[in-house]
Amino acid sequence: MTDAPVSRIRNFCIIAHIDHGKSTLADRLLQDTGTVANRDMQEQFLDNMDLERERGITIKLQAARMNYTATDGQQYVLNLIDTPGHVDFSYEVSRSLQACEGALLVVDASQGVEAQTLANVYLALDNDLEIIPVLNKIDLPGADPDRIKEEVEAIIGLDCDNAIPCSAKTGLGVPEILQAVVDRVPPPKDALEEPTKALIFDSYYDPYRGVIVYFRVMSGRISCKDKVLLMASKKTYELDEIGIMAPDQKKVDELHAGEVGYLAASIKAVADARVGDTITLLSAPADEALPGYTEAKPMVFCGLFPTEADQYPDLRDALDKLQLSDAALKYEPETSSAMGFGFRCGFLGLLHMEIVQERLEREYDLDLIVTAPSVIYKVNMIDGSEVMVDNPATLPDPQKRESIEEPYVKMEIYAPNEYNGALMGLCQERRGEYIDMKYITTDRVTLIYELPLAEVVTDFFDQMKTRTQGYASMEYSLIGYRKNQLVRLDVLINGERADALTTIVHQDKAYNVGKALVEKLKELIPRQQFKIPIQASIGSRIIASTSISAIRKDVLAKCYGGDISRKKKLLKKQAKGKKRMKAMGKVDVPQEAFMAVLKLNDGGGS
């Protein structure tokens, strides 16, 4: 490996919306610089999880070091730091941008700028990164690079005269991109003599070596013999090894300011080496940590229950192991009268929730029932105290509480303007408050709304895509809590409260939601040999009810003609048995019923 001086190091990342070709471009850069031999190449080389490849998204960050000989004959070290493009993982993105001096903005030459790209570009501009626009997929028949250049200039305000046209699929334009990184991205600050500070921009759990931490040295130097201090968690470690990603790990003795590498120090859990934390030397610690560290706060909560009660310990072990590699996942045990033992889990967003659920089912072979997602409500009690509620079933009684506040988000939706009406209708249905509308170009519009987060976490994204035939994209950020007239809607099945089906809804919507929910459950719960009443209630008031009629078992089938009193006796015996069955009978609620709470908005229920 070449030990390049700071002036010949370039740290950059790639910003792109899902599907705009970021991982493919990263593959080409690795191939063109000879970092990965052609025979070892596989698509989406830096996306290590099968789940990432299948969904075509980047979840965990990766990094790769490339050696590149520029047109001036000098050899440069290019560190590519891969970033996730999804809104749920925006904190990880902001940390990886802090580790760079430049960014390639990859825009699909046929689709144009999308919402999440924009959010990440603004983060990049906040971090003073040099942004190089790249128009990808110009080999597609629908590509229109000139229109997209205008769009980028209009929306982001970037000068696109020297935007690089490329096709990551065929490799066209890739050498120009590498040269542009050398020419236009500034080298890191020469801070070798300052106290050592390194930024953690990612970490993952290795079952044999503990947590492997990816970091960028901001100032000073780190050698493999050092003892280090993590400034936010206040933990100290003796280093086992440090090295570089090329893209496979290679040990080195020392890394200095400007370089990107990894370290292993027998760290037990990812939570001990949080993204955004600062590494410094124990012998000569820095005075203050690097700015911008915050702990990931879960936004969306749901209950996870095993379908078989004896799988509960397996689920607990699986969550323990998953938390080692996913510090944003929070969970605590929960019991439910309908479902038995399980866990209440907190996630960054809906995508994060789906991914965790899928990883639990796939990697740990579990069969799970997932309750409808909810958000954290702030309940102001009559005695002046404040209670945070993440499980609708635990909402305090109306007599004890004064008001309920729910989290609101500022939502920006980008779409072609013919879908304007459909999107405004959707936001209105979801209790959205109209803020602004801007025309970006003659045929694309930005809608800005403020909405309750609870209305977004169910199926807002799916509905938005459905109503715009997949053309709209959205981006949201939290703006705080607001008071609303909210009530707890309980569902009673056969007289018993099914706590896993409890939701918190707006008072004006309660009747419609309750009515739609009981009707939906009627379709989904299998018939029994006794009548099952299904009711929706607010407090002690039943607002909607229906019932599933019993299956009639013909006890008279064996009586051919004969005495009427014999038949009466059999029918009486059956009625008695049904009465006992109704009193004792437990109704099994299938998984689809719990998801019914989510799908209500499709059927026009709310």
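Cβ atoms are placed via backbone N, Cα and C, with glycine included.
Taken from Swiss-Prot, the feature GTP binding site applies to Asp19, His20, Gly21, Lys22, Ser23, Thr24, Asn136, Lys137, Ile138, Asp139. Per Swiss-Prot, domain 'tr-type G' is recorded for 7-189.
Sequence features, as recorded in Swiss-Prot, placed on the structure.
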residue	record	CB count, 10 Å
Ser23	GTP binding site	24
Asn136	GTP binding site	29
Ile138	GTP binding site	19
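The average pLDDT computed over the domain 'tr-type G' (7-189) stands at 74. In this structure, Ile138 (GTP binding site) belongs to neither helix nor strand by DSSP; it is coil.
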